[in-house]
Amino acid sequence: MQKLAVYVYIYLFMLISVDPVALDDGSQPTENAEKDGLCNACTWRQNTKSSRIEAIKIQILSKLRLEQAPNISRDVIKQLLPKAPPLQELIDQYDVQRDDSSDGSLEDDDYHATTETIITMPTESDFLVQMEGKPKCCFFKFSSKIQYNKVVKAQLWIYLRQVQKPTTVFVQILRLIKPMKDGTRYTGIRSLKLDIDPGAGFGQSIDVKTVLQNWLKQPESNLGIEIKAFDENGRDLAVTFPGPGEDGLNPFLEVRVTDTPKRSRRDFGLDCDEHSTESRCCRYPLTVDFEAFGWDWIIAPKRYKANYCFGECEFVFLQKYPHTHLVHQANPRGSAGPCCTPTKMSPINMLYFNGKEQIIYGKIPAMVVDRCGCS
């Protein structure tokens, strides 16, 4: 017993006699290790960001059913982009992205993009339709997306040349049909009288929903339309084949479709910034810049907040499924650890040119990370 007491005293004396400098030196590797850990975390986050951006590029093309990015230059876009109210409203009032995480819901989106608005420019017909010896405007080809969705609106937009004095213009929209026995080759869609003030040109929309629905039911009946807009002197003011200085004034169709809303569920997670020292699974900010990719075919948004997930996942931290922890407890060696992944994602609206030089306004699902968690 006395020997044991002696050993205890000697041990305590050695602890008290330890050089304090030695203790300080011993703590230095710990500080260095912490700094190295922070640097490694920054590097890993940067790699995660780069991977996320590349994945986004692939996802956008895939969800839009594009094999590759449309090769449309800025000069071509300037010529094709209609100068009309509906498109300008989409650009000016464009809801780039709502980063509202207060609702805590998760949309069960389909994988592919949901189309909301399609702007179709006139194109060459598969067959030559002539009236009075010359080709007439306009023929429209329709995306397959329109045929499988409910059409809620279809507007034909036309542009009238400017006048020098107050003028009354008589507008006729005619639908071309196969020649009848009496020689008739068209039927009326709409007639209207417009009073135009002098100055800039004038844009006018005409409801063609019924005509479009008939074309979709019977594609062979789509032979095109003719646009007439004469003033009192018989001068045609309709811009059907734009001349010099009339780029973007082509007639076009604005078609809006609707889709069934998706169900949602609740979820929660952590938010961090780039200077955060949080080691747990967290959502970090990430802005995707399409102009930096050279993707001029995307009209809007030019950039959006995509965000990404990064961090460690312990088996008891923010697990998406409760049984994950139970499986690990039952077989800790045979089960992989949970990963930090998105648990809530939301769509973005996008205005873009497709491969056929049509302007599409649609919703691309699961492009914004709203919540991160371990699962």
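Note that Cβ sites are derived from N, Cα and C of the backbone, with glycine treated the same way.
Fair warning: this is a prediction, and the values are worked out from it, not measured in the lab.
Taken from Swiss-Prot as is:
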- C272-C282: disulfide bond (DISULFID)
- C281-C340: disulfide bond (DISULFID)
- C309-C372: disulfide bond (DISULFID)
- C313-C374: disulfide bond (DISULFID)
- N71: N-linked glycosylation site (CARBOHYD)
- 1-23: signal peptide (SIGNAL)
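Cα spacing between C281 (disulfide bond) and C272 (disulfide bond): 9 Å, rounded to the nearest whole number. A separation of roughly 6 Å, to the nearest angstrom, links the Cα atoms of C282 (disulfide bond) and C309 (disulfide bond). Listed in sequence order, the recorded positions from N71, C272, C340, C372 having a Cα within 10 Å of the Cα of C313 (disulfide bond) are C340. A sphere of 10 angstroms centred on the C-beta of C272 (disulfide bond) encloses 18 other C-beta atoms.
Counting in whole angstrom, C272 (disulfide bond) lies 10 from C309 (disulfide bond) by their C-alpha atoms.
Take the Cα of the residue listed as 'N-linked glycosylation site' and measure to each of the disulfide-bonded residues C309, C340, C372, C374: the nearest one is C309.
Counting other C-beta atoms within 10 Å of each candidate's C-beta, the disulfide-bonded residues C282, C313, C372 are led by C372.
The Cβ neighbour count for C374 (disulfide bond), using a 10 Å radius and every protein chain shown, is 25.
Take the CB of C281 (disulfide bond) and look out to 10 A: across all protein chains shown you find 26 other CB atoms. Across the fold, the C-alpha of C374 (disulfide bond) and the C-alpha of C340 (disulfide bond) stand 5 Å from each other. Around the Cβ of C309 (disulfide bond), the number of neighbouring Cβ atoms within 10 Å comes to 22. Annotation for C340 (disulfide bond): same-chain Cβ neighbours under 8 Å, separated by at least 6 residues, are C281, C282, C309, F310, G311, E312, C313, C372, G373, C374.
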